[in-house]
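Taken from Swiss-Prot, the feature Zn(2+) 1 binding site covers C60, C62, C75, C78, and the record attributes it to sequence analysis. Residues or ranges marked as Mg(2+) binding site by Swiss-Prot on the basis of sequence analysis: D449, D451, D453. According to Swiss-Prot, the Zn(2+) 2 binding site annotation covers C818, C892, C899, C902, on the basis of sequence analysis. What Swiss-Prot lists as compositional bias 'Basic and acidic residues' is 1202-1212. Marked as region 'Disordered' by Swiss-Prot: 1193-1212.
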Amino acid sequence: MIDVNKFESMQIGLASPDKIRMWSYGEVKKPETINYRTLKPEKDGLFDERIFGPTKDYECACGKYKRIRYKGIVCDRCGVEVTKSKVRRERMGHIELAAPVTHIWYFKGIPSRMGLVLDMSPRSLEEIIYFASYVVIDAGETPLEKKQLLTEREYRNKLSEYGDKFVAKIGGEAIQALLETVDLEKEANQLKEELKEASGQKRTRAVRRLDIIEAFLKSGNHPEWMVLDAIPVIPPDLRPMVQLDGGRFATSDLNDLYRRVINRNNRLKRLLDLNAPGIIVQNEKRMLQEAVDALIDNGRRGRPVAGPGNRPLKSLSHMLKGKQGRFRQNLLGKRVDYSGRSVIDVGPSLKMNQMGLPVPMAMELFKPFIMKELVGRGLASNIKNAKRKIDRKDDDVYDVLEDVIKEHPVLLNRAPTLHRLGIQAFEPVLVSGKAMRLHPLACEAYNADFDGDQMAIHLPLSNEAQAEARLLMLAAHHILAPKDGKPVVTPSQDMVIGNYWLTMERAESVGEGMIFNDLDEVRLALQNGYVSIHTRIGVRANSMPEKPFTDAQRKQILITTVGKMLFNDILPKGFVYLNAPTNENLVSGTPDEYFLESGEDIREQLNQRPLIAPFKSGFLSDVIAEVYKQYKVTETSLLLDRMKDLGFYRSTLSGLTVGIADITNLPEKPEIIAAAHKQVATVTKQFRRGLITDDERYERVIGIWNDAKDDIQQRLMETFDPQNPIFMMSDSGARGNISNFTQLAGMRGLMAAPNGKIMELPILSNFREGLSVLEMFISTHGARKGMTDTALKTANSGYLTRRLVDVAQDVIVREKDCGTDRGLLISAIAEGNEMIEPLYDRILGRYTMKSVFNPENGETIIGPNEMINEAIAQQIIEAGVQEVTIRSAFTCNTAHGVCEKCYGRNMATGDRVEVGEAVGTVAAQSIGEPGTQLTMRNFHTGGVAGNADITQGLPRIQEIVESRNPKGPAEISEVTGTVEAIEEDPAEGTKDITIKGETDTRTYTLPITARMKVAEGDYIHRGSALNEGSIDPKELIKVRDVLSTENYLLSEIQKVYRMQGIEISDKHVEIMIRQMLRKVRVMDPGDTDILPGTLMDINDFKNDNYKTLIAGGIPATSRPVILGITKAALETNSFLSAASFQETTRVLTDAAIRGKNDPLVGLKENVIIGKIIPAGTGMTDYRQIKPEVVGGNVEQPQSLSDVEKEMNETVE
């Protein structure tokens, strides 16, 4: 066997008939499979042991030679070689065809490859191949033309007329003869001449033909190899036949298809031997052709061959295609050993890096390790006895198990794995029962809950794998989310409400205004009932020496609450004392306003002071982020565990419950509703009198009811008691939101009808009062729609993620610095007066391209090529800088990836990114994972303005990344200049916008309803939108440069996500957009040997030009092309990656003709062939590290005086 890690690249090509015979270990002559009586393979059949190898290890068919000592001997009686039975998975056979047969892939695909080489239409080819028409191969002296088609009758007439002065053939052999006569060199030269003057359709066809002919010339494939003389038979163990209970057999469809080919082939041979009439032979040849077509790609032409129950048989092509095909089912994802799955349950007492492993699972997973240890400790004499001990569940096995699982991390995975946090490593802890225990804080990353979710567990075996699991994948390291660098492990639900309740302040609580010496005294007072958790008290500041108070503050008394003292006790040493949930307190230290001079009256102060809000979920998240920034991983994971324990403990003690009495009634509700009814009546009256249109009436009614609902909501919020448990749940961010409340205590409001339109009939009741039957019925529409929407959204979002991953999988950080001289000028993204993404978010964690100066005094804030951290970003914003030029993936020069400087900070660690990081996959996951949270629907602007609907949410993201023509497009100006006039033409329903540029004047016609973005007299740049709507990037790239197009796409994608409150770092979006613009279309080839119109990778194009320039030639010119992600993924340089994505047969057909070589740079191609993945620790740089001897060996120790003497000499 070859070692997969030894080869550099993989090539694919057409197989010549000789090659097929060379691979083969023998010809399959009979359609038989196995003998049903003896169950032995039949001789010369599809499972023949002489051809494919023995069915049992080291045993020939007749049993003369058994055992490994006869290895390599061929039995003289049955002719079977004595070897391993595994060879039945590797050895091929072949079938010698009695007549040549065309390969359906090359005849059928679009465009038909055979048709292009022969310059014939697929229609004519079909007539020839399937024996409907003859074709002239050699016209000789006759007036016939080469490649002329003749019907049966015409052929007979010409034959009687000219005799054997011409040659015409039919079927596969005719095609073979034609292909053999093609002179590729001559054709190529003719086409190149033709291209010089051709245009339109003719030119396109010529370019296509030249492309294919050059492909044949370059790859060394011969066109006649598209016709088969012999077909390979794949190894029998890849198309097995198994016996079912009851003596019946189940077999792979391929065997049926092969049998048909062999049957027809044998019949044809017999007919030829018998010299049968031509028509019978022709019919048999046609049937053979169809049988081979069905074997290669069943159903591609005509009706598919069906098996029992009219089920189409699965041919060789189907074995590769789709989710169940070879690529996606077996090569990209395999089932693995040492794995298990079980239901998960909550493990509140676990540490951040632990998981609970049920004993029975541990026994099975760690079996070999336990066996080795049992033998090692002398508890079992050999491995067999050790296995027996485990099966018997002896007592000493359990002691060994405890030690074996120590320090051995395991991987936990929950499907669907939407981002890289879906697989994390934990240290196992044995638990009883059969459910695995998961740490409550790890739930958010996995999106897991405990309502019956299952998870899979995997065991890293080798020392390297264990080391990587421990160092890179331990759950404690995954505190920040890769998409935005915000903590992903934040306390939720009970933990939030516990800490919220703990940090609440209550006026007039028991013991208010007491002053304590230190935390221990406070605890004592609390336990003895002198104070409550919510009591506001004073504490000597110098009793907390580890808190960073100022010197002045240390002499004073801190006003805080008992609960806050307890909360601050869990924070790391040296972290600020948190007294208020403000950013100022968190970043700049405890504010002076919370301190008292000694001697001031504390009670008087407390009466004047407002209550401070408790700590909500968002603030806890900020605290974690700040701790992570200051103390890094270890301290943060310890804090998280303490926060979790405190939250659970305090929420239990708080005794929060929800009862019907907690849902208050709003006394003003009837008045508000009556007023709304009155307004609706007024609007209806206006409509009846014809003062307003029906649409306007509808809009107003909807508006009235929405206002009424908002009014009720507002008043509910004002009357809520901050101690109300429902309010606390929502306010703390533990569960629920305002609208849930309005529905419980206010009114449910308007509902959507099944068609998505909002019904004018509002639901006036709330759930506390109960709904009427009609109201209940109206509500159900929404519930059903919600369910279906979610289901559809999940599928759509998953498919989007798959396409994104596929297009960006080979983007890896490949070098430290690409040395580019271009940067990206960025500013905040805003729409009108709504801020979409502030500048701070955009520059944080990026490298500068140029220095940034303070606009007021000209001081340098940061130099070029430096990383912008939080402090510097804050400085830049405070200095009032509006634009910064940064290093960006858009301008990075690294081929097949990005460099560290252009990428910037790794969002998941907060440090600079390292070489080897698979940033493309991370980017795809970061954009795809929140996809399920985006809405599915298109928002209708509705109303009188009659503007086109704007697409939002998931459909808009797909529209952008697939670069489709947008719905509701905006017209763009192709010139820079002034808007001269906007003239409306009500008769036509249009308006004309005239723009006067420096050289020419352009006029654009828009519908009269379009909302304008420009006014008369405006000065606009080319590429600016004239009306509201989405710009088509394909149009934009024609009038602007690539960078502005990329910038536009970036802001459009960010707009969609930010509107839904989802933050994604720019760099992820940049990587995806860069992948859409990696290709160029060659316009003029210059002196290169590229064909005009070729789609090329930018880097390949640059390299070709570089070589041409060095040789003194004229370089080629090209223009950038924007491809949708599906198209871009299929156009990748790796045929393995493209074939495993979509359109498998088309990709492979094309790759085979071109003799493509897959350089194996991306991740997918390496996964497919089983090579180590070239990212992370699999990068070649990291794998070729050799220890180096740094200093010379010191023979004998020198005396100090000698050394001193030497030093002095060198100094002098």
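Placed from the backbone N, Cα and C atoms, the Cβ positions cover glycine too.
Overlay of Swiss-Prot annotations on the structure.
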residue	record	Cβ neighbours (10 Å)
C60	Zn(2+) 1 binding site	24
C62	Zn(2+) 1 binding site	14
C75	Zn(2+) 1 binding site	20
C78	Zn(2+) 1 binding site	17
D449	Mg(2+) binding site	12
D451	Mg(2+) binding site	5
C818	Zn(2+) 2 binding site	18
C892	Zn(2+) 2 binding site	24
C899	Zn(2+) 2 binding site	22
C902	Zn(2+) 2 binding site	31
Same-chain residues at least 6 apart in sequence whose Cβ lies under 8 Å from D453 (Mg(2+) binding site): V343, I344, R414
Shortest C-alpha distance to D451 (Mg(2+) binding site) - which of the binding-site residues C60, C78, C818, C892, C899: C899
Pairwise CA distance, C902 (Zn(2+) 2 binding site) versus C78 (Zn(2+) 1 binding site), rounded so that it is a whole Å: 67
Conformational class of C899 (Zn(2+) 2 binding site) under the three-state DSSP mapping: strand
For C892 (Zn(2+) 2 binding site), the one of C60, C62, C75, C78, D449 that lies nearest, given that the binding-site residues are compared by Cα: D449
For C899 (Zn(2+) 2 binding site), the one of C60, C62, C75, C78, D449 that lies nearest, given that the binding-site residues are compared by Cα: D449
Secondary structure of D453 (Mg(2+) binding site) (DSSP, helix/strand/coil): coil
Rounded Cα separation (Å) that holds between C62 (Zn(2+) 1 binding site) and D449 (Mg(2+) binding site): 60
Remaining residues near the recorded Mg(2+) site, that is with C-beta within 8 Å of the centroid of the site residues D449, D451, D453: I344, A448, F450, G452
From C60, C75, C78, D449: binding-site residues whose CA lies within 10 A of C818 (Zn(2+) 2 binding site): none
Rounded distance in angstrom between the Cα atoms of C78 (Zn(2+) 1 binding site) and D449 (Mg(2+) binding site): 62
Whole-number Å value for how far D449 (Mg(2+) binding site) lies from C60 (Zn(2+) 1 binding site) (Cα to Cα): 57
